[in-house]
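Listed in TrEMBL:
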ACT_SITE  CYS73  active site, proton donor/acceptor
ACT_SITE  CYS183  active site, proton donor/acceptor
BINDING   ASP10, SER11, TYR42, GLY43, ASN74, THR75, THR184, HIS185  substrate binding site
Amino acid sequence: MDNRPIGLLDSGLGGLSVAKKVIEKLPNESTVFIGDNAHMPYGDRTKEEVIELTRKSVKFLLSQNVKLIIFACNTATAAAMSTIQEEIDPQIIGVIQSGSLAAARTTKNKKVAVVATNVTVNSHAYAKEIHFRDPEIQVTELAAPKLAPLVEAQKDHATNLAVVKESLAPLEGKDFDALIMGCTHYPLIQTEFEEAVDNKKVTILDPADQVAQYTFNVMRRDGLFSDENQPAVHEYYTTGDPTSFDRLARTFMDDDTLTSKHVDTENE
Ligand code: DGL
């Protein structure tokens, strides 16, 4: 039994797509979420910068006494997870292994597309992880640097759809049957992804489903479940503007009372 909260981090609002699935799967667990909105996009930074910024969010989460940390960010998983895991005790759970497992299980024609940030694509973390499971799977990796900032900008459906279509255009004519949303921001515009792909043969995968299951398994294995009589509390922090964070977070998390707090990780 361990009543400490689960920590989650992302460069911004995208990590909410993981938080939502984790909260659904583990309703007794408290969570602390930090979005580093002031420094997003991580996807256009150097690996060193992503490590440095992620380390600051991890330090904040450790100050909140978390029992494990979910990197609800593909870019941080690709660039920083192995380095930071060596520095801290609590287990870190990333999103890329889970997304790769889901893709390897889903594809029938052994052709998978991964849409992600520049950092994630350039790391080839998805291709490596998918090939580790099945070397025969053909992986097409596409960087879509406009999409995470688009989500943060909170635009209307028509604007989102136009940018998603433009970003996914290089995939036209490719014969994949599974597409990984390899950036946690993308599930917030999943409707636009579905419209843009418009191909019944293609399954659009959100790694967060598998992340929630994996987190459950790790917690059961390590005896980390909270006491079920203790009410779960969910706290949200942003290095950016809480009003803007709450606008999208309230709708997406379906919680009108959600209120984030500003935190300055530079001076923690
Ligand atoms: N949500 C993040 C990811 O999963 C990163 C977006 C960004 O800051 O570029 O990759």
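Placement of Cβ uses the backbone N, Cα and C atoms for every residue, glycine included.
TrEMBL entries are annotated by machine, without manual review.
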THR75 (substrate binding site) to CYS183 (active site, proton donor/acceptor) - Cα separation in whole Å: 7
Three-class DSSP secondary structure - ASP10 (substrate binding site): strand
CYS183 (active site, proton donor/acceptor): tally of other CB atoms within 10 A of its CB: 32
Listed in sequence order, residues with CB under 8 A of SER11 (substrate binding site) and six or more positions away: GLY35, ASP36, ASN37, HIS39, MET40, PRO41, TYR42, GLY43, LEU53, CYS73, THR75, ALA76, ALA148
C-alpha spacing of ASN74 (substrate binding site) relative to CYS183 (active site, proton donor/acceptor), in angstrom: 5
List of residues, in chain order, with Cβ under 8 A from that of ASP10 (substrate binding site) and at least 6 apart: LEU16, VAL18, PHE33, ILE34, GLY35, ASP36, ALA72, CYS73, ALA76, THR184
Residue, out of the binding-site residues ASN74, HIS185, whose Cβ gathers the largest set of other Cβ atoms within 10 Å: ASN74
Check: same-chain CB within 8 A of substrate site center, minus ASP10, SER11, TYR42, GLY43, ASN74, THR75, THR184, HIS185: GLY12, GLY14, GLY15, MET40, PRO41, CYS73, ALA76, THR117, THR120, ALA148, CYS183
DSSP three-state assignment for THR75 (substrate binding site): helix
